[in-house]
């Protein structure tokens, strides 16, 4: 859309009022917003135009004067580094000019909630060329339109403000820069502390809610106030529900708990899953065997990560390992590995993709997903067009094997049922499921595992009270 009439810019600013407060400049290096703005313009393939993005507004709950928890829009953050409400930005591509607009000063807001960000504070904190109050936004946009409207579009994010900057055009977020990697690394460090704390104290716990509570407490006490996603602490059969978030059932009589939880640091996510025996050792041979299969799936996939690899190939490898392991246990039967894979039978037990990008979102954006989900109701069809891994990507490797009662019942009427021994599979329902997930940075020579949360033998040593840490 080309904006030719300034009157169409529906922005209603308050009167400008600039109150200057002096604060100490942050010792941290600034978020590389200008670099990201240039990167997005490059991916758009244009040398002209204006990128205009709106930050998250302050919003109250319905029928209430209480505000909803604030979470900055990730596209806005990527081009600004601003984690404050009610801000805006413009990036003049031709003139390489990034401008951040902060809220007008409100004395009432300052008295009740504290003062909002000033332009001087913003200048000290953020990497941009200009900092202005919201009151100047409409006139600035109209001036830009008057100067360039004949041949320069305004790029915005949502369909109501076309043309839009879509996930495809912001594929620049696929490859992380040095700053972003540091943030993801820090998020993983705190997540690892929280996961370790759970292992050291789970013998005292009697309900899933206690696991969630201690994980949150550990993260907040180490400066990570926000989680990357809702904590999943599913015990027993709940571990077979991929995004189980009720976290309110007793642990007594359960074999395992699947803890999928990751801290957020400066808006960047971590995504970590550990499956923990509820005791000092494996509660059953069934639980031990399923953990061993998933452990092998993850280890074999992780060691192959490198630039140029098609992630879909790792996804397929994980399925092959799962099929062979379940065949040995007698859960899968009556066919070759290839026949079982083609039928989709392994997707009854491994129904999700092997991984995804991690960044400003826990499932970060990319031009094209690096893998595809399994299918529960149709034959598997390979997808060969999935993209290759690149240096600087941060991805998860998160295989799992689950015994979901509903999924098993539904599959009885499918053609793939001939490959499943349902009597044997139902013996594993008390196990629930096992998932193990790490965050991997793709490097020039292979990978770096950013996730330090204990698993496998180290996990068992902590549960048995033998760990030195």
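Note that Cβ sites are derived from N, Cα and C of the backbone, with glycine treated the same way.
Annotated features, as they stand in Swiss-Prot:
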- 260, 271, 437: Mn(2+) 2 binding site (BINDING)
- 271, 398, 437: Mn(2+) 1 binding site (BINDING)
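Structural mapping of features recorded in Swiss-Prot.
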residue : record                : DSSP class
260     : Mn(2+) 2 binding site : strand
271     : Mn(2+) 2 binding site : coil
398     : Mn(2+) 1 binding site : coil
437     : Mn(2+) 2 binding site : strand
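Spacing of residue 437 (Mn(2+) 2 binding site) relative to residue 398 (Mn(2+) 1 binding site) is 4 Å (Cα to Cα, whole number). Rounded to a whole number, the distance between the Cα atoms of residue 398 (Mn(2+) 1 binding site) and residue 271 (Mn(2+) 2 binding site) is 9 Å. Comparing residue 398 (Mn(2+) 1 binding site) with residue 260 (Mn(2+) 2 binding site), their Cα atoms are 10 Å apart once rounded. Residue 271 (Mn(2+) 2 binding site) counts 28 other C-beta atoms within 10 Å of its own C-beta, drawing on all protein chains shown.
Listed in chain order, the extra residues whose Cβ falls within 8 Å of the Cβ center of the Mn(2+) 2 site residues 260, 271, 437 are 261, 262, 272, 273, 396, 398, 435. In this view, residue 260 (Mn(2+) 2 binding site) is surrounded by 24 other Cβ atoms within 10 Å of its Cβ, with every protein chain counted. The residues near the Mn(2+) 1 site, meaning same-chain residues not in 271, 398, 437 whose C-beta sits within 8 angstroms of the mean position of the site's C-beta atoms, are 260, 262, 272, 273, 355, 396, 397, 435, 436, 438, 439, in sequence order.
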